[in-house]
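Record features, source TrEMBL:
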{"type": "REGION", "residues": "B:71-74", "note": "region 'Important for substrate specificity'"}
{"type": "DOMAIN", "residues": "B:98-329", "note": "domain 'AB hydrolase-1'"}
{"type": "ACT_SITE", "residues": "B:SER151", "note": "active site, nucleophile"}
{"type": "SITE", "residues": "B:TYR152", "note": "site 'Important for substrate specificity'"}
{"type": "SITE", "residues": "B:ARG188", "note": "site 'Important for acyl-CoA specificity'"}
{"type": "BINDING", "residues": "B:ARG212, B:ASP324", "note": "substrate binding site"}
{"type": "ACT_SITE", "residues": "B:ASP293", "note": "active site"}
{"type": "ACT_SITE", "residues": "B:HIS323", "note": "active site"}
2 protein chains.
Amino acid sequence: MSFVDLPARSLPPHDAVVVASPHVAPTATVEARRGTFDATLTLRHGGLQTVRIAWELAGPAGAPVALVAGGISAHRHVAANAQFPEAGWAGDLVGGGRTLDPAHTRVLGFDYVGADGRVDVPIDTADQADAVAVLLDLLGIARLQAFVGYSYGALVGLQFAVRHPARVAQLVAVSGAHRAHPYAAAWRALQRKAVALGQLQCADVQGLSLARQFAMLSYRTPEEFEERFDAPPEVSNGRVRVAAEDYLDAAGARFVARTPVNAWLRLSESIDLHRIDPAQVQVPTLVVAVEGDRLVPLSDSVALVEGLGPHGQLRVLRSPYGHDAFLKETDRIDGILAGALRQPGDPA
Amino acid sequence: MSFVDLPARSLPPHDAVVVASPHVAPTATVEARRGTFDATLTLRHGGLQTVRIAWELAGPAGAPVALVAGGISAHRHVAANAQFPEAGWAGDLVGGGRTLDPAHTRVLGFDYVGADGRVDVPIDTADQADAVAVLLDLLGIARLQAFVGYSYGALVGLQFAVRHPARVAQLVAVSGAHRAHPYAAAWRALQRKAVALGQLQCADVQGLSLARQFAMLSYRTPEEFEERFDAPPEVSNGRVRVAAEDYLDAAGARFVARTPVNAWLRLSESIDLHRIDPAQVQVPTLVVAVEGDRLVPLSDSVALVEGLGPHGQLRVLRSPYGHDAFLKETDRIDGILAGALRQPGDPA
């Protein structure tokens, strides 16, 4: 295993428009460091593989550690800090005034195994969980105060709780459940077919763009589209173009500019491979569900919490942003984290 | 305008598995005839075009006429009869014992303008409505007793009521509203992009198959997929394959075998072009909505009925089949038709 400190690299912003919340102050004085290392892991479906794990840790030495993990497009740079001032993917959820404030808590982020496009085998959420354990070993972190996972991060958090229960005190799983819903899995499988159709004829980028556009429909809701795109379609050059197409085209173009095709394919598959037995989770777990999430129906979150028994609690949000609510309803999410993570008697 | 009687042609079955309901007796003794003719229409977006209109009329001479129109994949052969014994696309909705029984009512079906793939310009639902009026002229039918439209057929029915109100006594619009919902329109636009991606390199059939598979997700519901496809995914040849993929592949293959690419593209566009002002509908109209329909949300059906004012009534079904409920919940649909079409004092 080698340990390499890399210079800050430019990280493109997440799809969501980053509008800093007035509550989130930049943590300019917070110390942060980054690194990458190679680890050899036995992947559940891919056998022995050397994978590169990239991480970032922001906050004062000795403070409790919260791992924050996002969707398959997220990465190690969770929020801006003195060393790495560019916007992070969760800049409205992590910062001064937030429950997760790197002035008091060390915030750990990492790039998912496969996110660099170099691991071209099926990747399970169990593999991600094992990579986190190796990362904690490397950083000398015996136990996380919290694993806060959103979307794919919630799946990885659940696997981590099953496989490494001694290493996490509390799990918050937002918009993710114990298995992929069969309808959502079919939706993703068709997105992968769009990529395959593009690859047929070296149109990989067009295929990935189309896949992303179909994915956008699953991340958002009809309510939002009705609000934003109710204009009649246009007929131009003999073709009908509906009101949402400019938005979707732009979302596709932004995505392909920053995403290796293999990385997306393998992480998309990984969501569908995910399956845990909730009864095997013994870590206190708060499940946060969004009513109207088209990928993770409320019924699955309820089934997860039932399976968690005494270890599970459920909070439900209603949001027109559906699966993407965690990127949009950041004040409400922070309020939920405050209740979950700041228990009386807990370390701050 | 020329009038041509054609021999029965083989019509492939609709996607839905046709399982004859015990209530639906074959109408073997019912007389039926078919024809096609060329008409010159001024299309709303496509200008002057010569289109071929294919029709089938089953039932006793002189009986009242009900036009039955289905989704964009439907056609003139609504139900089996003595002349044309193959299954029709609405064989469980039309027959002996049903409200629409060709022993008592003449049932008229037609192929949508553009369904033959020969009209490669934007086609509006207003164009379809005008084609119906021309067809009624040709057949000497002054007025329909009822226009019963499902899905796209409901849109055409609404346009017909707006444009030719003297020619229809009653409209039943199932799973269709006054405009395409913006989210559903985006979903269809992406399906058309899948076809365009295939067409980039002469992979038209793969593109259309993928488009159909994405459409299937909009026709059905997560509840049905959960019931049918909850098995874990398989990993084979290094790729993840989810449980619904065999079903979706088969649906795509069946569809491309019977659908010209241009026909599908133009009729898909046509749904998105559809927009009427409900206040302009003066014909008594029963709107039938399905709770859980992912293409036509209940809120749009409610808005339509509100706009119809004294001319509108609403019936709501709950079905795990979503938008496709009219092909599956045929007993319940027939019950609704019975209430709507068999008013005391009306002609049988």
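Keep in mind that glycine also has a Cβ here, set from the backbone N, Cα and C atoms.
B:ARG212 (substrate binding site) carries a helical DSSP state (H, G or I). Of all Cβ atoms in the shown protein chains, 24 besides its own fall within 10 Å of the Cβ of B:TYR152 (site 'Important for substrate specificity'). Each of the recorded positions B:ARG188, B:ARG212, B:HIS323 was scored by how many other Cβ atoms lie within 10 Å of its Cβ, and the smallest score goes to B:ARG188. Restricting the recorded positions B:SER151, B:TYR152, B:ARG188, B:ARG212, B:HIS323, B:ASP324 to those with a CA within 10 Å of the CA of B:ASP293 (active site) leaves B:HIS323, B:ASP324, listed by sequence position. Cα of the residue listed as 'active site, nucleophile' to Cα of B:ARG212 (substrate binding site): a distance of 16 Å.
Looking only at the recorded positions B:TYR152, B:ARG188, B:ARG212, the one with its C-alpha closest to B:HIS323 (active site) is B:TYR152.
You'll find the Cα of B:ARG212 (substrate binding site) roughly 10 Å from the Cα of B:ARG188 (site 'Important for acyl-CoA specificity'). Confidence for the domain 'AB hydrolase-1' (B:98-329), expressed as mean pLDDT, is 96.
Each residue contributes its Cα atom, and for B:ASP324 (substrate binding site) and B:TYR152 (site 'Important for substrate specificity') those atoms are 12 Å apart. Comparing B:TYR152 (site 'Important for substrate specificity') with B:ARG188 (site 'Important for acyl-CoA specificity'), their Cα atoms are 13 Å apart once rounded. Of all Cβ atoms in the shown protein chains, 27 besides its own fall within 10 Å of the Cβ of B:ASP293 (active site). For the region 'Important for substrate specificity' (B:71-74), the DSSP counts in helix, strand and coil order read 0 helix, 0 strand, 4 coil. Counting every protein chain shown, the Cβ of B:ASP324 (substrate binding site) has 25 other Cβ atoms within 10 Å. Of all Cβ atoms in the protein chains displayed, 26 besides its own lie within 10 Å of the Cβ of the residue listed as 'active site, nucleophile'.
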